[in-house]
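Reviewing the structure listed below.
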Amino acid sequence: MALASSKVSTCSSLSPIVGDVPKKFISSMSFVLSNSPSSSSLTLSKVGGRGNLMRVFASDLSTPLTGVLFEPFEEVKKDVLAVPITPNVSLARQNYTDESEAAINEQINVEYNVSYVYHSLFAYFDRDNIALKGLAKFFKESSEEEREHAEKFMKYQNIRGGRVILHPITSPPSEFANVEKGDALHAMELALSLEKLVNEKLLNLHSVAGRNNDPQLADFIESEFLNEQVEAIKKISEYVTQLRIVGKGHGVWHFNQKLLHGAE
C-alpha cells in the first residue's frame, strides 16, 4: 500500500461512508490508498459531536485492490490449453517439445545397450571355466538396474504425452579375457567407462531440458538419476582400484567373494 498525498479527495466528492474508525489509529487527516492508477481514494473527517471518531469516505471501491482478477473460463480459451480432438494425439502433452521426446527415446536406447553389455558380462563370469560368481552377480544386478532405468524413461515418456520408440540394440561381445590385466579388472574398467558414458548422456539430456525451457524434465533427471549416477561411478572406481592392487592372482578370488556375499 502506498500513500499519495497529492491525490487526496475532499469530503464533498466522496460517497458512500465506509465506516467509523477510532481516532487513535489515524496518523493523518486524509490519505489515498493506491496500488494502481485506478485505485480508490479515501479521506477522513471528524464526526460532529463525537470527537473521538473519524469517518472514512471512499470515492470508488469497485476496482479490486490487487488489480488482478482470475477468470478461469476465459483463461482456458487459449489455444495452447485446448484439448485435442484428433485421434492418436496425446491429451496430456504440454510444454513437451519434439527434441525432448526424441532425446528421451535416445536415452532409453543408451540404458538398454548398457544393460545388454552387463548381461553379457554376467554370462561370461557365470561360465563353468570362469566361475567368478560374485562378479556374475554384480553384473547381473547392474544389467537389471539399467533396464529399470530404461523403463523409468519409458514411463516418463508416456506421462508427458510422448511416444516411445525403441531403437536397435548393438550386440555386445561375449569374450572378456585379457592377458595383460586379467578378465576381472578388464571387465570392471569397461563398466566404469560405461557408467561415465551414461552420466555424459544424462547431462546432455538435462541440457535439452534447459534449452527447451522444460523444468519438469530437468527435475525428473536430477531427482531420479544424476546423484545415483555419480555414486555408481564412485563405487566402481573403488572396485577398479582394488583389482589393480590385488593383481591377477589369488586376490581376484577374494574380491569375487566380497561381491558374492555383499561385503563392502
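A Cβ is built for glycine as well, from the same backbone N, Cα and C atoms used for every other residue.
Mapped onto three states, the DSSP output places His149 (Fe cation binding site) in helix. Note on His149 (Fe cation binding site): other Cβ atoms within 10 Å of its Cβ, all shown chains, come to 23. For Glu111, Glu146, His149, Glu195, Gln229, the entry in TrEMBL reads Fe cation binding site.
Feature annotation from TrEMBL assigns domain 'Ferritin-like diiron' to 94-247. A mean pLDDT of 98 is what the model gives for the domain 'Ferritin-like diiron' (94-247).
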Glu111, Glu146, His149, Glu195, Gln229 excluded, remaining Cβ within 8 Å of their centroid (Fe cation): Val110, Val114, Ser115, Glu145, Val198, Leu202, Phe225, Ala232
Densest Cβ neighbourhood among Glu111, Gln229 (binding-site residues), 10 Å radius: Glu111
